[in-house]
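> Got these off Swiss-Prot a minute ago, pasting:
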ACT_SITE  ASP178  active site
BINDING   GLU103, GLU128, ASP155, ASP178  S-adenosyl-L-methionine binding site
BINDING   LYS182, ASP214, THR252, ARG253, TYR254, GLU255  substrate binding site
REGION    1-23  region 'Disordered'
Amino acid sequence: MRPDPAPLDPTDASPAQARRHQPGLGVEVSAGAHRSGDRVRRGVVSFVRRSPRMNVSQQRAMNTLASTYLIDVPRDATSTSVAPGSRLDLPAIFGRTAPLTVEIGVGSGDVLAALAAAHPERDFIGFEVYLPSIATTLNKLENAGASNARVIMADATAGLDHLFGPADLDELWTFFADPWHKKRHHKRRIVNPDTARLVTSRLRPGGLWRLATDWDDYAHWMLEVLSAEPLLKPVDAGPDGFSPRWPERPVTRYENKGLTAGRTIHDLTWRRVDES
């Protein structure tokens, strides 16, 4: 989800300055995952880092709840990167094997907390890069009693690439991602052909990719990208190609902003099909 505007900080530290994390619970690291001498080329990301100012409640959440809900992953060149060779040990993290849902960009955690609490039979992992949003999400997970949810502070595409294997995911959610309106910024859109191929590889056959946006041009961009992926097929799509609103998805402040501004909310639901 899109964060509220905040003053921009320098986007990332250099590889020499980058903070490196030790692997957290449930993270397997293969040989070569921390090769500090390697030259790393940073790719295009779908976000701009902002200053991590937190209020008292958010700071308290980071101090008291991070050890419960935040998965610390090995880093590569930046504080939101993921080291190649890392892999989540999901049974170790959750203490069981259960269907897994991943959310890209949890924002303030409204969707993650509500649906994790509503579905204790499933496990949930949310990606987010903004520290205040993560802290707010930790509070909401705790208040909801969502012990089956975790958060990772990382670029979601790197996380999908390095932390999960083929067919690990039952569902993936991308709700109200930054639309990056300017044409020269379209390469930053999280929904793009490369991400679609990656998501398809991580979804099990029959798994779902649920998306929503309040911007018409991004909605049609998503539709074009997903339609070009041969292993994804639309679910309950109308003549315009869009799906009905998923009734379980809570109305967040991001969706409310779009509705208040008079924009149409577009939902897309696509299923990963078997290769044949």
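Every residue gets a Cβ built from N, Cα and C, even glycine.
Relative to the rest of the structure, where do these features sit?
Residue environment of GLU103 (S-adenosyl-L-methionine binding site) contains 27 other Cβ atoms, counted within 10 Å of its Cβ in all protein chains.
Following the DSSP three-state reduction, the secondary structure of ARG253 (substrate binding site) is helix. When Cβ atoms from all protein chains are considered, those within 10 Å of ARG253 (substrate binding site) total 14, not counting its own.
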> Cα of GLU255 (substrate binding site) to Cα of GLU103 (S-adenosyl-L-methionine binding site): how many Å, rounded?
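GLU255 (substrate binding site) to GLU103 (S-adenosyl-L-methionine binding site), Cα-Cα distance: 16 Å.
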> Taking the Cβ of each of the recorded positions and counting other Cβ atoms inside 10 Å, which one has the highest number: GLU128, ASP155, ASP178, ASP214, GLU255?
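Counting every other Cβ within 10 Å of each candidate, the maximum falls on GLU128.
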> Cβ neighbours within 10 Å, counted over all protein chains: which one of the binding-site residues LYS182, TYR254 has the most?
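Result of the Cβ crowding comparison: TYR254.
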